[in-house]
Ligand SMILES: Nc1ncnc2c1ncn2[C@@H]1O[C@H](COP(=O)(O)OP(=O)(O)OP(=O)(O)O)[C@@H](O)[C@H]1O
């Protein structure tokens, strides 16, 4: 799926991805980008014009003829020209910043949306792979503003190079000798900066795993998810020390690089200063001898610091490019991930009849990153309107079977049919509308109570009656109606006025969500594990009525939940060992009887 680490390093260092980034920014904000380029050109021209007008002004003053009455006017003329150009430059700069801001926002929105669309269309297997989380977390860390930052940095670099070339030509007008002199003394600064920027980024890529580990530990120490266990087991100091050890290691290694960079910078900036004073000396002597003007000295004093700043800007721009490239590659890596195969043109239309059996025929399945099959030769039928149960020990493959039934994965062998049509031939979204699951690890949405239920079928027109009906059937109504804003109450504690509820109450909302859907088949994977015995009994005692006589699959470790099923499958090690009704299985020798025959109050 994703390249090896060394390949990634190679890719990052050899490919700055500028073309791809530029295309992306063009797609998101073409007009604004063109506007930016025009403003940058305007800035450069105005900046140079203003400085050159100053030089002419100083030359006019130094050669002033006191008897000439027009001298005043001449001097004021150049003051005004320099001032107008300088004001124009300031305005162009402000407009540039404004455009960049708009452009950045547009690009950020575009990328955010693309990240979300990519994430929702990815095959589920990515979400079960650590590699995916690496890519996703880097892409998110990259932030949607980075691609735009790269382009604006590129434009900045181009602007600075233009300005530098122009400054170089101004220096040339003073005396051509100054130019090679400056190049020899000043350019090493640029090279040293670029060299160390590249080194620093390579170092950063190499240390990503350590950085991630320390970020993980920091998150453990500060997040609410682990706060209880960290206190209960007294893990705080231990984890904090692990975190500190990693930070110290990273810091010490970075220190070595910083030391070398500082030494090199001392040498190159000293050389640049020597270059500056050599040039000043050369011009000063030239002025005394009459070969250069006072205006030339002023011009040099103005433009040398400018050119040095420009060189600094160029080198830091290049460093920013390298740095952001790591993150931008992650964004592109995410965009390049394989998304779910979209519905084939030959997708068959969903049959309208309610009486459709869902059937697994000789189904085998191996997870994408695994070499051992999780399910082997499964034959299982969910007849229309019937309740079936799947029983098995931990790791038997029950939840995996559910993922196949929800078409989150496709079988490697065999087929799943709905009303005799292979579900692979049906449109994914159409098929998924027919199956409504309550997963073992259901989601707790920090939205209103009614939205928690409506999410079961978000395309269905709003109906308070249906929401309350599903809520009553799941047992959620009794606590939701106690809230000050009833169904409008915000759930969870992430947002203001949110109401946190118990895990069993969250589970009731998840059940209501499934019941609210219009699916033909409901799937309950350990869906009542957090419900109290009374609530669970109430639900299953009138289960058929509560699910409106639809088909259902129940997975549970409790006999009280599965005994209501019309037919039961016993799964072990990914194969079906036994099947039959509760009574048949209890009277048969085997795992089912062993599990449930002995009266056991807990099951
Ligand atoms: N994403 C995955 N990649 C590879 N193997 C997996 C993945 N998810 C589950 N497995 C493996 O598949 C087997 C069956 O897991 P599954 O979650 O289906 O079991 P289960 O019967 O639902 O167990 P439990 O009762 O504990 O919920 C396990 O051995 C597990 O290690």
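Just so it is clear, glycine is given a Cβ too, placed from its N, Cα and C backbone atoms.
TrEMBL assigns the feature transmembrane segment to one of the listed ranges (75-99, 100-124), namely 75-99. Of the candidate ranges 266-285, 286-305, 306-325, TrEMBL annotates residues 266-285 with the feature transmembrane segment. In TrEMBL, the feature transmembrane segment is placed on 170-196, out of the ranges 143-169, 170-196. Range annotated as transmembrane segment by TrEMBL, chosen from 32-54, 216-238: 32-54. If you look at the transmembrane segment (170-196) against the transmembrane segment (266-285), you find at least three C-beta pairs under 8 angstroms, all six or more positions apart, and that counts as contact. On the 0 to 100 pLDDT scale, the model's mean across the domain 'ABC transporter' (358-598) is 89.
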